[in-house]
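All remarks here apply to the structure that follows.
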Amino acid sequence: MRLLEHEAKKLMEKYGIPVPRGFLARNPEEARDAVEKLGGKAVLKAQIPAGRRGKAGGVRPVSSPDEAFSTAKEILSSEFYGLKPKSLLVEQFVDVRREYYIGGIVDRTARGFTFISSAHGGMDVEEMASKYPESVIKVPINPLIGMMPYQARALAKNIDKEREKEIAEIALKLWKIASEYDAFMLEINPLALSSDGKLIALDARIEVDDNALFRHPELSVEEEGREGEAARKGLSYVELDGDIGTMANGAGLAMATMDLVHLMGGRPANFCDIGGGASSEMVYAGLEMISSNPRVRAIVVNTLCGITDAVEVANGIKRFVEKGAKIPLFVRLSGNRAREGSEILEKIGVKTYKSAEDAIKAAILSSS
């Protein structure tokens with residue numbers, strides 16, 4: 001589960017990591033009042049569980065309470081990556097001299113936690129890391145021992161030698177949060193150096209292992225947007241920025257389907273796994289979810305039926321079509337009762353394909 005920024009910052013502040021002064025606003029009036037308290041200059045941030053909000057227009061500076069009101073109204077009525085914010089974090093404006101990066105992630109290859117630091121942070125951190133790879137260091141952490149002071153110093157020294165002690169303390173606090181809250185990913189990007197020489201976490205991200213949430217009931221927040229709705233329906237759904245919807249039975253097949261779309265020149269709009277033994281209801285729910293994304297221009301259904309019954313898949317598709325679906329479907333049925341399923345689809349005018357490649361090729365052509 002990804003915490004919203006204000007939740008992540010509240011947790012970091014609890015552990016002594018400096019964050020900007022801010023207020024949570026749920027409407028334009030509260031945003032205006034918050035900016036008045038902050039002295040008339042602030043930053044409004046859409047609270048959604050997604051990154052790159054700044055590039056999408058979800059992070060906006062304002063210079064007056066009246067501007068805050070109109071900007072808040074605009075942000076709260078907008079969607080960002082399929083998510084509509086229910087609140088804004090209104091923070092004091094920080095005059096930034098430099099931007100750094102520090103964070104950690106569960107590293108399966110290293111069989112532990114790996115912390116990363118860079119002297120280059122901000123919105124284009126990936127691009128900067130690619131351009132200046134020597135500026136990035138990775139420090140593996142043994143989860144049985146934890147982060148040692150010398151490891152924290154190494155991370156800090158890579159960022160700013162003059163502020164090694166302060167940054168090392170922040171690194172140790174991040175590790176403490178990760179270990180005590182079962183986080184599999186957390187980062188401060190950017191960790192800013194303000195014009196008055198103070199270090200401050202301008203943006204914060206924490207993702208907690210869903211399987212450990214029973215240990216942290218205070219963190220249990222309801223997911224928002226299409227992904228949250230899908231989770232409540234038992235679907236594994238992740239939205240992307242393409243226009244070819246994809247659905248498959250099994251995570252491996254779902255990822256392979258997305259890879260094929262990309263390989264053949266298309267852009268997948270989502271990951272959607274209906275799981276093994278999916279019912280017609282689950283298939284229908286998946287198609288409804290995918291089609292609710294306004295960017296989707298075609299949907300590829302790729303199923304290898306073993307535990308899953310192809311007739312159930314076909315009946316779910318049939319219900320979707322008979323409800324008046326406008327988005328074209330490109331279906332590959334294979335395996336358990338595939339012939340019977342194909343016959344059901346043929347009667348309602350939905351063509352089935354012998355291979356995933358054929359279905360995807362047709363979908364890409366139809367959407368171009």
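Including glycine, each Cβ sits where the backbone N, Cα and C put it.
What TrEMBL says about a protein is an automatic prediction, not a curated fact.
The domain 'ATP-grasp' annotation in TrEMBL covers 9-217. Predicted-model confidence for the domain 'ATP-grasp' (9-217) is 94, expressed as mean pLDDT.
Glu99 (ATP binding site) falls within a strand when secondary structure is assigned with DSSP. What TrEMBL lists as ATP binding site is Lys45, Glu91, Val94, Glu99.
For Asp203 (Mg(2+) binding site), the same-chain residues that are 6 or more apart in sequence and have a Cβ closer than 8 Å to its Cβ are Glu5, Ile188, Asn189, Pro190. Annotation comment: TrEMBL describes Asn189, Asp203 as Mg(2+) binding site.
According to its DSSP assignment, Gly306 (substrate binding site) is coil. Among the features that TrEMBL reports, substrate binding site is placed at Asn249, Gly306, Ile307, Thr308.
In the three-state DSSP classification, Asp203 (Mg(2+) binding site) falls within coil. The binding-site residues recorded for this entry are Lys45, Glu91, Val94, Glu99, and the Cα of Lys45 lies nearest to that of Gly306 (substrate binding site).
When secondary structure is read from DSSP and collapsed to three states, Glu91 (ATP binding site) falls in the strand class. Nearest in space to Glu91 (ATP binding site), taking C-alpha to C-alpha distance over the binding-site residues Asn249, Ile307, Thr308, is Asn249. The substrate site is set by Asn249, Gly306, Ile307, Thr308; from the centre of their CB atoms, other residues of the chain with a CB within 8 Å are Gly250, Gly276, Gly277, Ala278, Thr303, Leu304, Cys305, Asp309, Gly335, Asn336.
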